[in-house]
Amino acid sequence: MSSSSGIKLAAVVPAAGTGSRMQSEQPKQFIEIQSQPILSHTLAAIQRAPQVQRVFVAVNPTAINLYPRWPEAVETVSGGESRAESVLMGLKEAARQGFSHALVHDAARPCLPLSVLLDVIEQGTLQDQGAIVALPVRDTLKRAQADSLTISSTVSRERLWQAQTPQVFAIKPLIAAINKMGVAHPGLTDEASAMEFAGYQPRLVMGSYKNIKVTFPEDIELVSYYLNEEINHS
Ligand SMILES: Nc1ccn([C@@H]2O[C@H](COP(=O)(O)OP(=O)(O)OP(=O)(O)O)[C@@H](O)[C@H]2O)c(=O)n1
Ligand SMILES: C[C@](O)(CO)[C@H](O)COP(=O)(O)O
């Protein structure tokens with residue numbers, strides 16, 4: 001991605017969550033796997049793309065000392081009360097430093113394959129609708145009754161995809177879309193939600209089942225396996 005294309009890409013990594021569903025002593029992004037915090041693995045995965053010129057990590061100021069030493073071209077911003085607010089803080093700093101596009105990627109997704117990363121960067125920067133990594137739903141989907149764990153209905157999975165990250169968008173339209181929808185909006189759970197709200201139709205880029213978001217305790221064993229596989233076979 002040369003400067004002649006006019007595109008200047010930064011990564012924004014929301015890493016200011018508390019990881020409540022993990023039920024761990026420290027926020028899940030700082031849990032160590034192979035002697036490295038999960039966040040370190042995520043930053044290393046993102047920085048394999050030469051197009052990413054800088055990384056803005058949104059962290060809770062009270063947790064910043066949990067991180068040993070920030071890699072080169074990585075800087076921190078203060079996170080917010082919600083993921084959307086943390087992302088917005090990173091986007092604003094990236095815009096202030098002159099970046100035109102952002103690749104937003106959850107700190108809790110350390111097993112991002114390079115091929116997926118490069119695909120979403122290409123798809124997200126070659127047109128103005130942006131792009132997200134996602135996977136077609138492969139299990140039958142059921143909607144539960146409102147007041148019991150019994151099936152209310154089966155939801156057609158036709159054309160249903162599960163969003164992952166990275167999500168790649170032009171920064172100024174994304175900031176405007178997040179502000180239009182409102183960071184506190186319950187439906188604003190990823191960047192594409194805001195862009196859709198603003199009328200965009202982001203592209204879907206095939207993700208990977210390895211690109212899981214560390215959320216519950218049982219995820220650690222699977223992520224450890226994938227990271228070990230990556231390190232020993234790359
Ligand atoms: N106020 C917040 C909340 C979440 N995140 C980040 O957004 C990503 C995805 O969110 P999630 O998996 O929900 O993380 P947590 O909110 O920490 O987890 P939980 O919902 O279990 O508390 C994580 O990397 C998390 O650190 C953030 O930067 N700021
Ligand atoms: C952004 C995301 O990872 C896409 O699936 C997801 O929406 C994050 O949700 P969370 O509840 O903040 O983990």
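A Cβ is built for glycine as well, from the same backbone N, Cα and C atoms used for every other residue.
What TrEMBL lists as site 'Transition state stabilizer' is ARG21, LYS28. The site 'Positions MEP for the nucleophilic attack' annotation in TrEMBL covers ARG157, LYS213.
Cβ-based neighbour count (10 Å, all protein chains) for ARG21 (site 'Transition state stabilizer') stands at 13. Within its own chain, ARG157 (site 'Positions MEP for the nucleophilic attack') has PRO136, VAL137, ARG138, ASP139, THR140, LEU141 as residues 6 or more apart in sequence whose C-beta sits under 8 angstroms from its own.
When Cβ atoms from all protein chains are considered, those within 10 Å of LYS28 (site 'Transition state stabilizer') total 27, not counting its own.
Among the recorded sites ARG21, LYS28, ARG157, LYS213, the ones whose Cβ sits under 6 Å from an atom of ligand 2 are, in sequence order, LYS213. Cβ-based neighbour count (10 Å, all protein chains) for LYS213 (site 'Positions MEP for the nucleophilic attack') stands at 16. In the three-state DSSP reading, LYS28 (site 'Transition state stabilizer') counts as helix.
Under the DSSP three-state reduction, LYS213 (site 'Positions MEP for the nucleophilic attack') is assigned to coil, being neither helix nor strand.
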